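**Q** Next up is a structure, given as structure tokens.
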Amino acid sequence: KGKCPEDGWDESTIELFLHELAIMDSNNFLGNCGVGEREGRVASGLVARRHYRLIHGIGRSGDISAVQPKAAGSSLLNKLTNSVVLDIIKLAGVRTVTSCFVVPMATGMSLTLCFLTLRHKRPKAKYIIWPRIDQKSCFKSMITAGFEPVVIENMLEGDELRTDIEAVEAKIKALGAENILCVHSTTSCFAPRVPDRLEELAVICANYDIPHIVNNAYGVQSSKCMHLIQQGARVGRIDAFVQSLDKNFMVPVGGAVIAGFNQSFIQDISKMYPGRASATPSLDVLITLLSLGASGYKQLLKERKEMFSYLSSELKKLADNHNERLLDTPHNPISLAMSLKDLDENNDAAVTQLGSMLFTRQVSGARVVPCGSVQTVNNYTFKGFMSHANDYPCAYLNAASAIGIKKQDVDIFLKRLDKCLKTSRKEAKKEKSVNEISNSNTGTEQLED
């Protein structure tokens, strides 16, 4: 049926299945005589076993989704993987998606592939409208494709940074719709930025006949992000949405899924990929979904949502204990942010020092964002980089509840964060006192002089 099985398979069944696929590839035929330049020859047995002897990769030179006659097993693996992943995307909330394919590139390069495909459909266009999100790969994806990003600054609503819809429409009118390649929006993001207003953006794109590409990097695991995409496609225009394999399906980095509502356009993107491609990301995600089954994946989504509530409530308690507060970002379903105002006011360097302290204590993934940092990316200068705004009111710390997180992870993180905050506060106040004494002495000396 090409769907994810409801109940997961055991490992021996999956290995038997992969072995049956592998013996359909010509490099594994007993009497095979290969005289071409690409015959699936592998020098190391260890490498061959690591790939289950599926050596030919996926696709043909002109289309990553095409069937390769001498690699029937690998081709079948590719078709099945795309079909199973499509089933999971529907299960996760985008019911009307019609087509998707796994591409052996991470999210940034996969977005670039989408933009390059649109180039042929809109040859005059040179701009991409991009509501600001301070993450380098999605910004560089537009530069790499040869387009000029038009950065739309976010609006501060309470603690949240939200899409400035009026600014987007004003910029479209100013530049001319025919000169705009697409609107490049985002769902999953670090708080206090929240998912873009996808429905409003989709309506604008439909009204002005402008393509709309959504960066859904780790949004498959969030019912809210997937609902936004579904609603955007229902009321307006979304041409493609791109998501990472590692962030959503817990496989090694190196793959993404490009999905959409128009099968013809998704096929155009797959045909834009030059040459054949590695089957490893497809193999990894197929093994994972066969082992989990649809019920196992739904359980992971349920646990993630429960852990988000737990992390939110516990982080709020910790923030209150340290005279800080959990920023109010109800529209962000994955990431949370806690203010570091007290730390920032005592010592400018204390905020970044906290990040180092957490990292050396084996806390990974937490982001500490100071006020006013400036960074240049591909000749574009961003003020307040990492905070998604030029002047966010306070420094803060990010933590996320992503798929696979356990209660133990949350508890250990909070315990270590509590200790680091206490240490940082002591050191910051100590340094402030030393500076005040030093300044006081200097003033006395100047008076005596």
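Glycine residues also receive a Cβ, built from the backbone N, Cα and C atoms like all the rest.
Annotation comment: TrEMBL describes Arg60, Ser61, Gln68, Arg276 as substrate binding site. What TrEMBL lists as tRNA binding site is Arg234, Arg361, Lys426. According to TrEMBL, the feature region 'Disordered' maps to 424-449. For 435-449, the entry in TrEMBL reads compositional bias 'Polar residues'.
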**Q** For the binding-site residues listed here (Ser61, Gln68), which one has the lowest count of neighbouring CB atoms within 10 Å of its own CB?
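**A** Fewest other Cβ atoms within 10 Å, among the binding-site residues Ser61, Gln68, is found for Ser61.
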**Q** Please identify which of Arg60, Arg234, Arg276, Lys426 has the densest Cβ environment, defined as other Cβ atoms within 10 Å, among these binding-site residues.
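**A** Counting every other Cβ within 10 Å of each candidate, the maximum falls on Arg276.
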**Q** Cα of Arg361 (tRNA binding site) to Cα of Arg276 (substrate binding site): how many Å, rounded?
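**A** About 43 Å separate the Cα atoms of these two residues.
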**Q** Counting across all protein chains present, how many other Cβ atoms fall within 10 Å of the Cβ of Arg361 (tRNA binding site)?
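**A** Arg361 (tRNA binding site) is surrounded by 14 other Cβ atoms within 10 Å.
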**Q** Max Cα-Cα distance in Å among Arg234, Arg361, Lys426, the residues listed as binding tRNA?
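**A** The widest Cα-Cα gap among those binding residues is 54 Å.
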**Q** What other residues of the same chain, not counting Arg60, Ser61, Gln68, Arg276, have a CB atom within 8 A of the CB centroid of the substrate site?
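**A** Here the nearby residues are Gly57, Ile58, Gly59, Gly62, Asp63, Ala66, Gly275.
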**Q** For the substrate site as recorded (Arg60, Ser61, Gln68, Arg276), determine the largest distance between any two Cα atoms, in Å, rounded to the nearest integer.
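**A** This binding site's residues have a maximal Cα-Cα distance of 10 Å.
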**Q** What is the separation, in Å, between the Cα atoms of Gln68 (substrate binding site) and Lys426 (tRNA binding site)?
**A** 65
**Q** How many Å separate the Cα atoms of Arg234 (tRNA binding site) and Arg60 (substrate binding site)?
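**A** Per the Cα atoms, Arg234 (tRNA binding site) and Arg60 (substrate binding site) stand 34 Å apart.
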